[in-house]
Amino acid sequence: MATVHLRIGDLVWGKLGRYPPWPGKVVSPPKDLKKPRGKKCFFVKFFGTEDHAWIKVEQLKPYHPHKEEMIKVNKGKRFQQAVDAVEEYLKKAKGKDQSHSDDKSKSDKGRKAAKPMKIIEEDDEDAFKGGSSDKPASSMEPITKRLKIIEEDTRSTSIQAADSTAINGSITPTDKRIGFLGLGLMGSGVVSNLLKMGHVVTVWNRTAEKCDLFIQEGARLGRTPAEVVSMCDITFSCVSDPKAARDLVLGPSGVLQGIRPGKCYVEMSTVDPETITELSQVITSRGGRFLEAPVSGSQQLSNDGMLVIVAAGDRSVYEDCSSCFQAMGKTSFFIAGEAGNAARMMLILNMVQGSFMATIAEGLTLAQATGQSQQTFLDILCQGQMASTFVDQKCQNILQGNFKPDYYLKHIQKDLRLAISMGDSVNHPTPMAAAANEVYKRAKALDQSDNDMSAVYRAYIH
């Protein structure tokens, strides 16, 4: 492999972990940021985001010689925005150089040539941000995170006003030992980001083979949930449904057997409020501290560290989890009041998302049935008020016949079912969600459970 010679100011392609190569610029690191030990590396600031990281030299390539190659193999809106940001940066840099050259030529007339003076200018921050107020979601770990505390006045929650704190700079990982139970679509990305940001993590999964990759990345292995909890200060759980969440805590060699006074347990699974209440009671009865923190997002957002965390329960546990939430998510909300409030909020959010996805699928199939172009329908939709990355990606995947799971169809149907049940418990009608739920049940009957939620489309064409 050819030696890469780089210096401050060079444009590069940098590869970080499992993410694709991304355009960036070699810059001077902050004075208080230590260089990692071991192999030679450079501090890189990435275009199209506000991210920076130490990148090993073997993971760097000069920008211009590899530009065409990278553009061919990497796709996506965020990637293109990053490349556009590089070109805008180069254009501005060229303009500054030309202006400086013209000024120098004028000043040189009528006198002897002076020695060239080195001009040092600050980085163009707008170029790194993509020159847009609508900042694209990052493919790397964001360095600007926002932790929000939502304190609402509701019948069940008597709280004050909202507080918001921006956290800037690189993440300083907690010195607490972290445990993680469940390495599914969401959990895998979360653990990867915790490790990448320097947390000490012990993992367990029902299918032990899934732990191997994370052991290679530096995680420790726990043989049982009880062992993980006993080894760690804070243990997170992210499993598929209420039964799995209960079994993990109450079953043989379960979490409850490892709980001791002061141990923290964070339930990230999307389950019903009753399950959360039960788990909270049994954990705290052993002297443990409990927080629920379900997440809104998908496998891709989990991999990107861009989840939205909605938490409730023990506020002090929420604060202890600060660096973990920064590593795995772009925003963290704390909903005051009893444990179970975050579950209620998450079920409502997923009810809306699931119903919306079913409606989009219905629109696509109706367009086809009436002789309209589905692609034109999507193009128009994405130029209107409902335009979003979610709509664009899900619809494009449908048109391409790509139903690789980003969020399992069986899980969104489970969330709809739980939300409808929650509505029944307070005598609140949920007719839209009920109708969508029937369509998802039809899709499950067509063997779409383990496909992406967008496979609900197939319920309309069979």
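Here the Cβ of each residue, glycine as well, is placed from N, Cα and C on the backbone.
The following features are taken from Swiss-Prot:
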BINDING   179-193, THR270, LYS414  NAD(+) binding site
COMPBIAS  91-111  compositional bias 'Basic and acidic residues'
DOMAIN    8-66  domain 'PWWP'
REGION    91-139  region 'Disordered'
REGION    169-462  region 'Dehydrogenase domain'
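A C-beta separation below 8 Å, combined with a sequence spacing of at least six in one chain, links GLY182 (NAD(+) binding site) to ASN205, ARG206, SER237, CYS238, VAL239, LEU248, SER269. In the predicted model, the domain 'PWWP' (8-66) shows an average pLDDT of 82. Every protein chain considered, the tally of other Cβ atoms within 10 Å of the Cβ of SER188 (NAD(+) binding site) stands at 21.
The Cβ of GLY179 (NAD(+) binding site) has VAL201, THR202, VAL203, TRP204, GLY222, VAL228, VAL229, MET231, CYS232, ILE234, THR235, PHE236 as same-chain neighbours under 8 Å, each 6 or more residues away in sequence. Considering only the binding-site residues LEU185, VAL191, THR270, the Cβ with the fewest other Cβ atoms within 10 Å is that of LEU185.
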